[in-house]
Ligand code: CP3
């Protein structure tokens, strides 16, 4: 059904198999730093209209691959599609980031939530995956993704982005049973959603735990890692005759890498606060590592970008198991020329 994969560096590196050069993709590679993204986004209307129209989601997914020789495409969507499909009413207020019309705060509101059927409420996502696979025509593998239960719960309970996490931390300390019920529903929802993406053609999947780093060490295990482990255990790990690698990324989770590697995932994403050489010594025998250039390096000159990228390559060192990426998403103000320089440097090697 699908065309053969012409560039399998990403999949090989995630499985710690030898590669010719280090593969690279960039978190938020389809986004506002690209003028062609801003043009398609303007045509679509709202950000969610863009996500909900498979032809447009496909178009923006492919834009960075047309510009740069990247080693992976990542589905254009958002982690907040799941809570939106649960009826919370996602919208983006200009300059304010994501918001929900109906946040969930009480035990009764949590008990009333049900995991959406990904083939119904989220059919626009699986339709986009199928279309992107067709249009990619084997140029590079397609990564599917979801938010972690904890990270989704923070947005659902806070009603949007947060710095203090006052409502969800309040729930965690006052009514942990209700929070566990919410995380349980979300773990089922995420497992079904990722399996639907895999069935539709996603060749690797990544779980974004953007806010796991806001937890205490014991809180992280109980409220975030436990549910990511459940998801890893419930995922389809083999499709189209290939293993489907799973990457876990907890922003601010550098001190918990050993526990994360124990979940049975294939790779860990690292933010820029962790030394990748140190991470490799700690868990490199168990999992591949993805990262971890400081996204702010891209504000510097091409020469400085190349120098800093080579430092990351050198810190990881020889041998397989490294996927180059930024430590978090690319900022909207970055000049695309910096990305061209970065990709060229990583492929040239140190
Ligand atoms: O990586 C990719 O290129 C794939 C697409 C992708 C988007 N969001 C597109 C997007 C992915 C993987 C995400 C994940 C996501 N979304 C996360 C986890 C990763 C992370 O950054 O930690 C989170 C926390 C979200 C929630 C979210 N969605 C935020 C905080 C924002 C930014 C709001 C803003 O105005 O800055 C979004 C919107 C969003 N998601 C945009 C894009 C390209 C920008 C929307 C626009 O075009 O206006």
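Yeah, the Cβs are placed from backbone N, Cα and C, and that goes for glycine too.
What TrEMBL records for this protein:
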- 28, 29, 30, 31, 32, 78, 155, 210, 328: substrate binding site (BINDING)
- 23-32: domain 'Uroporphyrinogen decarboxylase (URO-D)' (DOMAIN)
- 143-159: domain 'Uroporphyrinogen decarboxylase (URO-D)' (DOMAIN)
- 78: site 'Transition state stabilizer' (SITE)
Same chain, |i - j| six or more, Cβ under 8 Å of residue 32 (substrate binding site); the result in sequence order is 38, 41, 332
Rounded to a whole number of Å, the separation of the Cα atoms of residue 28 (substrate binding site) and residue 78 (site 'Transition state stabilizer') comes to 10
Can you list which of the binding-site residues 28, 30, 155 have their Cβ under 6 Å from some atom of ligand 1? 28, 30
Lying 6 or more residues past either end of the domain 'Uroporphyrinogen decarboxylase (URO-D)' (23-32) yet within Cβ distance under 8 Å of it, the residues of that chain are 9-10, 12-13, 38, 41, 60-61, 63-64, 70-74, 76, 143, 323-326, 328-330, 332, 339, 342-343, 346-347
Need the DSSP three-state call for residue 155 (substrate binding site) to compare against my parser. helix
For the substrate binding residues given in the record (28, 29, 30, 31, 32, 78, 155, 210, 328), what is the largest pairwise C-alpha separation in angstrom? 23
Residue 30 (substrate binding site) and residue 78 (site 'Transition state stabilizer'), distance between Cα atoms, whole Å: 12
Among all the protein chains here, how many other CB atoms are within 10 A of the CB of residue 28 (substrate binding site)? 19
Taking DSSP helix as H, G and I and strand as E and B, the domain 'Uroporphyrinogen decarboxylase (URO-D)' (23-32) has 0 helix, 1 strand, 9 coil
Let me check the 10 A CB neighbour count of residue 30 (substrate binding site). How many other CB atoms are there? 24
Close in space, distant in sequence - residue 155 (substrate binding site), Cβ under 8 Å, 6 or more apart: 80, 83, 98, 100, 147, 161
For residue 328 (substrate binding site), which residues of its chain lie six or more apart in sequence with Cβ-Cβ distance below 8 Å? 27, 251, 271, 272, 295
Give me the count of other Cβ atoms within 10 A of the Cβ belonging to residue 78 (site 'Transition state stabilizer'). 18
